[in-house]
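A short worksheet on the structure shown next.
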Amino acid sequence: MEALKKIAGVTAAQYVTDGMTIGLGTGSTAYYFVEEIGRRVKQEGLQVVGVTTSSVTSKQAEVLGIPLKSIDDIDSIDLTVDGADEVDKDFNGIKGGGAALLMEKIVATPTKEYIWVVDASKMVEHLGAFKLPVEVVQYGADRLFRVFEKAGYKPSFRMKGDSRLVTDMQNYIIDLDLGCIKDPVAFGHLLDGTVGVVEHGLFNGMVDKVIVASKDGVTVLEAPKAG
């Protein structure tokens, strides 16, 4: 599995060229993309500026010598490469297994080309077998938990040891065990309109390419262009 993740990450790095501003994703597959960019910066003199999606990725990039800028200091990003926890046939996805979904979505939004790197096990018919992360403000989180419970969403707080995990943005994550999300777009809109929800892990209609690594090789899937 790790070998497939590495292949996907290294393949994505081939899309990066001199002078780009690139979004550096978070997670076990995006890790290999960042490592390969670091190698190219050091060995090939690749000139890029990175924008990171988590404190973990920031530390990784700094160790590798990748120059970084804050999202607040840029207007657009040429290319962002990130992982995904599930991707369906309509190129909607669930992200946030690494608890970085808010920053990941903020970085993805001004990106000209958004690429996900996954192994073949992440490609699914319907989203929802992977629990859907919902980032919520700490104030009122228990009330919101009960709202989700009454709706039948089987919520659970993301934990770190014996305590609730706190994200880089100082929020909690409630994971929803939905089983199957029949209409990800509609459910995303529902969560968008829920007071106390900061962001959710449904990334609908955002990705441009999905690089899938399997035992048979690497496949690059192109999402249909809107309009």
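Cβ coordinates are placed from backbone N, Cα and C, and glycine is handled just like the others.
Not measured: the values here are computed from a predicted model.
The substrate site recorded in Swiss-Prot includes T26, G27, S28, T29, D82, G83, A84, D85, K95, G96, G97, G98, and the single candidate from K59, K112, K122, K150 that the record places there is K122. Sequence-distant contacts (6 or more apart, same chain, Cβ under 8 Å) of S28 (substrate binding site) comprise E2, K5, G83, G98. Taking Cβ-Cβ distances under 8 Å and a sequence gap of 6 or more within the same chain, the neighbours of K122 (substrate binding site) are A84, D85, E86, V87, V212.
DSSP gives A84 (substrate binding site) a coil state; it is part of no helix or strand.
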